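J.: Here it is: the structure, laid out below.
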Amino acid sequence: MIFVDACLKKPTPYTPVWMMRQAGRYLPEYMAVRERAGDFLSLCKDYKKASAVTIQPVEILGVDAAILFSDILVVPLEMGMGLRFEKGEGPVFDRPVKTAGDLAVLDVDRAVKNLSYVYDTIALTRENLARDKALIGFCGAPWTIATYMIEGGGTKTYAVCKKLLYTNPEFLHQILAKVTAALTDYVKAQIRAGVDAVQIFDSWAGALEESAYFEFGWRYILQIVDSVKTEFPDIPLIVFPKGVSGFLDKISGNFEVFGVDWSTPIGLAKEKLSPKFVLQGNMEPTRLYSKKAIDAGVDKILNTMKGAPHIFNLGHGILPDIPVENAKYFIKQVQEKSHNHK
């Protein structure tokens, strides 16, 4: 698998490429399956349909890896928090974590057991996915998951979570510890089900100042990494903390790949983190609106990363209104142009 080889810094004929949110609304084939499923969560829980949309981008676009179709919030959902997705509002938890009592009723073991539909999706996908294509599992990072659990949904200010951080840090650590335990077991279960690599998404890493991030964010990611590596030392792990370009000097850990978001100059990430880590990223997603912009973006990143271990990706998820033709063009350009760079 070219993707796994790249994660492990083995020689590859070209730079492997995939896209975050590649199984998504820009694909008519995805929308057809989602319509049959009824709603987003129902699609996540129907392992046959979830597997089908996981594989779609590989077959339609020719990406080098599939990423499991699911959502980072299925873990707190199955811990016992009522979750729904409101149109125009995003995810909403019926019972946010406000007190020690709220936290106490959340069940780690129940969550890992109840997520069997995810493991079934993985097993079916690995069975039907081409042998040379990697299957990437994923989870949210503890800090990002905790923000949703405490705020009760998405937030622009993180005010409730940050108030807790500065007024009752011990309780926030308790929440993070429980979430970390659930995520660690969940990642291990995904690996047992058949994923070839795992990505940890810390979407809200950039909401914290440096000292707070390394106390309440990064340390818990490393707990997951270290525990998983103890049991599965050969499975590549990818960490994607969005918005931490100012903290790159402090990044270390027992993982293989560091995901670079589009706001971080990849040359800076290369200077700070390569070749210790394989870098993944980081084209600005809106470049996909224009083939000319795609060409320029691909050339710039390939030239910057020439000679360094690299996996090509966007610097965030693909947007719902990107033309499929442009997405195909992007994948083809990366594969063809990087072949000439090797």
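Even glycines carry a Cβ here, placed using N, Cα and C.
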J.: Besides Arg21, Gln22, Ala23, Gly24, Arg25, Asp71, Tyr148, His316, which of Ser116, Ser203, Ser274, Ser290 does Swiss-Prot list for that substrate site?
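T.: Swiss-Prot names Ser203 for this substrate site.
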J.: Where does His316 (substrate binding site) sit in DSSP terms: helix, strand, or coil?
T.: coil
J.: What whole-number Å value do you get for the CA-CA distance of Asp71 (site 'Transition state stabilizer') and Ala23 (substrate binding site)?
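T.: Cα-Cα distance, Asp71 (site 'Transition state stabilizer') to Ala23 (substrate binding site): 12 Å.
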J.: Among all chains shown, work out which of the binding-site residues Arg21, Arg25, His316 has the most CB atoms within 10 A of its CB.
T.: His316
J.: Using a 10 Å cut-off, grab the number of neighbouring Cβ atoms around the Cβ of Asp71 (site 'Transition state stabilizer'), all chains included.
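T.: Other Cβ atoms found within 10 Å: 17.
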J.: By a simple count, how many Cβ atoms lie within 10 Å of the Cβ of Ala23 (substrate binding site), its own Cβ left out?
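T.: By my count, 25.
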J.: Over all pairs in Arg21, Gln22, Ala23, Gly24, Arg25, Asp71, Tyr148, Ser203, His316, the listed substrate binding residues, work out the largest Cα-Cα distance in Å.
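T.: Of all Cα pairs among the recorded substrate binders, the widest measures 23 Å.
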